[in-house]
Every structure is written in C-alpha cells, then in structure tokens.
Amino acid sequence: MAKNIKFDIEARDGLKRGVDALANAVKVTLGPKGRNVIIGKSFGGPTVTKDGVTVAKEIELQDPLENMGAQMVKEVASKTNDLAGDGTTTATVLAQAIVKEGLKNVAAGANPMDLKRGIDKAVEAIVADLTKQAKVVGSDSEKIKQIASISANNDEVIGELIANAFAKVGKEGVITVEEAKGTDTYVDVVEGMQFDRGYLSPYFVTNPEKMDAELENPYILLYDKKVSSLKELLPVLEPVAQSGKPLLIIAEDVDGEALSTLVVNKLRGALKIAAVKAPGFGDRRKAMLEDIAILTGGTVISEERGFTLENTTIEMLGTAKRVTIDKDNTTIVSGAGEADMIKNRVNQIKGQMEASTSDYDKEKLQERLAKLAGGVAVLYVGAASEVEMKEKKDRVDDALHATRAAVEEGIVAGGGVALLRAKNVLKDIKADNADEATGIQIVSRAVEAPLRTIVENAGLEGSVVVAKVAEGSGDFGYNAKTDEYVDMLKAGIIDPKKVTRVALENAASVAGMILTTECALVEIKEENAGGGQMGGGMPGMM
C-alpha cells in the first residue's frame, strides 16, 4: 500500500484537527450540566450516552491523518477507563488543552523535546501534590455514596445502592452489575461463599417448595477425585451417621453405585446428605477446593497429599453453620475455618493478583478473594426501555469503578478544583532552559481546562469562574449544579484521586507524543479497479 508522507506543521496540524474533533464531541458530556450524545448505529436503535469513553470509541474520521490524531486521544480515554474506570472525559479535555498550547509554542519555534521534558516535570509535581491533597475514604458510607452519585451523573439513587453494596461486602467483595427483569434497580447480596454447582440429584432436596437442599451445621467432605463406589465412602459415612449431623460431599463427581446408594439413604431418612461437583476446572478447581477447606476448617482429601477416602477421619471434614444448595448454586454460610488461616489465604491471593498479567486470571482471583473475604453483591439495573437500560448500566459501571478507585487512593475536591490547586506547586520547579519552562507553563494552563469545560457546559463564561476559584484556597470551588461557590468536600463534590491522577498522566503522555511528531505516514486509499459485476447464479441458488 502506497503511503503519503506529511512533515512538520502539516503533520501536526492534521493530528490536531483529529484531536479537536474527538475532544469536542466528548467534552460536551462533562459536569453535572453536561449534555447527552446520541450515537447512530447501522443496526438497531441509537444509543444515548453521557459516558465519555463510549462516545470516544464510536469515533472514526474520514481523513486518515486526522483519524490518527483522534485514535491517539481515544487511547487516552480507553486507558484511563481501564485503569481508573472513570475520568475519561477529563483525560480527553486535558489532552486537547496540552496539545493546543504545545503546538502553538512548537509553531513559534520552541524545541518539542524540551517542551515534553517540561510537561513531564510538571505532571510529576502535580501528581505528588494530589497525593498530599487526598483524604482517605475507608468505609465511610456517606463519602462512598457521594462519589458513586457524581460518577453516575448525579444520580443519588445509584449512589445509595452502591454505598449499601460496599457496606455489605466490604472493599474486598465483588460487586457485579446485571440487568433486572423489571424497572426497579436494587442490590442482592450473597453472604458466605457461593459457587456455581448445584445438587447432583433432585432427590437431595429438603425443601420441595423452593426446590433447594438446606443442611444445618453439616460436615463437609472435600475430595478432588470422582466417587463411584460406596465402599470408598463407608469409613466417612459411619461416624457421620452416628453423630446425627448432615453431610455435604464436594467431589470432582459422584456417580454410579455411590450416588444411587446416597439417594436411597436420604429417601429412607437414614442420612441427611447432599452431593455437588467441585467448582472450576484443572488447577483452578484444586485452588477453589483449598479455599473451601480453609473457610470450613477442613482438609482436601487428595492422593497428591497422601490422603485417601479409606483413611479419612471425621476430624478432616470441614463444618459450617448452614449450606444451601439449589439446582445451580451452592452457598456455604459461616464456615468454621480459623480467621488467621483465612487471612493468610487472602494475602496469598492478593499476591497472585499483583503478579498476574492476565486480566482473566485477575478477575477469577478477585472472585475467589471476594468469596473468602467479603461476599458477592449483584446490582440489578432496571429501566423502562432497552435504550435507557444501556445508558443506566454504563453509568452504574462508571460509578462502581470510581468508588473502587476512591477506596484505593482516597478522594480530592471535585469539579476540577484539585488540579487547579495543584498548579501552585509548579512555581517552584526549576527548569533547565526556557523551552522547558514553557512546557511547565503549558501544564499550568491546561489544568484549568476541566473546570472551564464544566462551567461552559453549564452555560456560563469559563474564564470568570476559573479566575474566582483560583483566588480562593483549599476546597473552595464552583458547584455547576446549583450555580454557587461552595466548599467542594462539604458539598459532597468529590473525585477519586486515582481518577484525576490517571487522567492527567495519560493525557500528558499522548499529548507529548503528538508534540514530538515530525513526520506522519498515511496510507493512500486506492480506488477500486472497475471490475464487472459478478454473474448471477441460477434463481433460488444461495
């Protein structure tokens, strides 16, 4: 494919046009009075959204050079979304501001490499100041509600639900978002450890109305192989039957003679018993069995460890306060495992998460962590129409990620105030030359952009409000929702520090690349050679 080569100002100007096209479409969504963007699809109905990254992902420009600029800023939005879960619009606005100021100076003869060094120094100083500004959230329900509400575009109902979910499962817990069947939005919390395996036979059911099996204070046998013959199980069944307690068998599988005999014993009332398959596959199954063993104070019966069913004693079985099994899931509540052992296992899983490079593995480890340490909450999102459902679900996802980020790194004043306050530290940075000093100034001006955009979206003059907020100190800022100057933290207008930090770092990174671009290679689209139409087949032929 032939390439068109663009140099110098021509290359950078083309990239800038692309940056502006994408950023202008995204930034209308910023702030409490941000507008909606409607996205037409070639199939299905249009999507209405106020989510920056959703808008960014849909943008493809016709001019290939402009499209490269747009794709670079799209990368800012996507990466910010991946790392922090929110702040995509802020990141896009910052990138546009740095590119705009930077290209002015490059056109005036500044050295792009020195500008970039100045920008990097300024960003480092601002991030350090944001860390000083940050306040710890911990498990403060009110703060969690405020953060979630803001990220869900000032929807206090969603904020309340997410705060409730966090209160119930803790920061180690897993909160997932599902579509509700009706129009109500609500939280459903699963206490204890739940895994997606149901009873192996409906004859194990103890509650025919609900079609589930409930075992009170059962013994739990954990076995990593298949159980086919009853003879293997007898050494365990006899002492359990004498104790009068129920028994739950979790094994790779239970079939044949073993399963039919267990069912007969259950139906005769000789033994309260249920059997389920072990969760997961391969190595993950072994790890999850070990998790259940630690949670219930039992031992996994595994030949790898020198244990067989024949020499299993009742002391090797786990116990729990209650186990509920339906056709799809098993839930173990209040396992009798030692707190120290559970804590060590949690730390071990956290270490594996940090070392893992696979998103899938991390997600599975996070699920295991939640089942051990916290619990699982499902946030069901209800809406009257499919379009509203999609939009609401996007907002709930954003709010959830922002809340996690806040719990992780703390909160700062929202509404663009934290960045505006942080720019005061830039006066003390020593620049090695004039162009580096200009790079620092570029960031100093760019950090005003989020507040300016919020104000302009509210229909007011950005410069006036920015000047007034800059005169103030601490958390003094502008509440665009009520058109008042307030203490941002007291008014509940807060941002997760992680979101603000990641947005600035990603914006500066991509803007720096655009500023230091001297040449762009663009593919020349070849016109299709005028070939004849394909001949028609016989009628009715596919």
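Just so you know, glycine gets a Cβ as well, placed from its N, Cα and C.
With a cut-off of 8 Å between CB atoms and residues at least 6 apart in sequence, the same chain places Thr80, Asn81, Ala402, Asp495, Val499, Thr500, Val502, Ala503 near Gly87 (ATP binding site), listed in sequence order. Per Swiss-Prot, the feature ATP binding site maps to Thr29, Leu30, Gly31, Pro32, Lys50, Asp86, Gly87, Thr88, Thr89, Thr90, Gly415, Asp495.
Take Thr29, Leu30, Gly31, Pro32, Lys50, Asp86, Gly87, Thr88, Thr89, Thr90, Gly415, Asp495, the residues named in the record as contacts for ATP: the widest Cα to Cα gap among them comes to 17 Å. Reduced to three states, the DSSP call for Lys50 (ATP binding site) is coil. Least packed by the Cβ count within 10 Å, out of the binding-site residues Thr29, Thr89, is Thr29. Under the three-state DSSP scheme, Thr89 (ATP binding site) falls in the helix class. Its Cβ placed at the centre, Lys50 (ATP binding site) has 21 other Cβ atoms within 10 Å.
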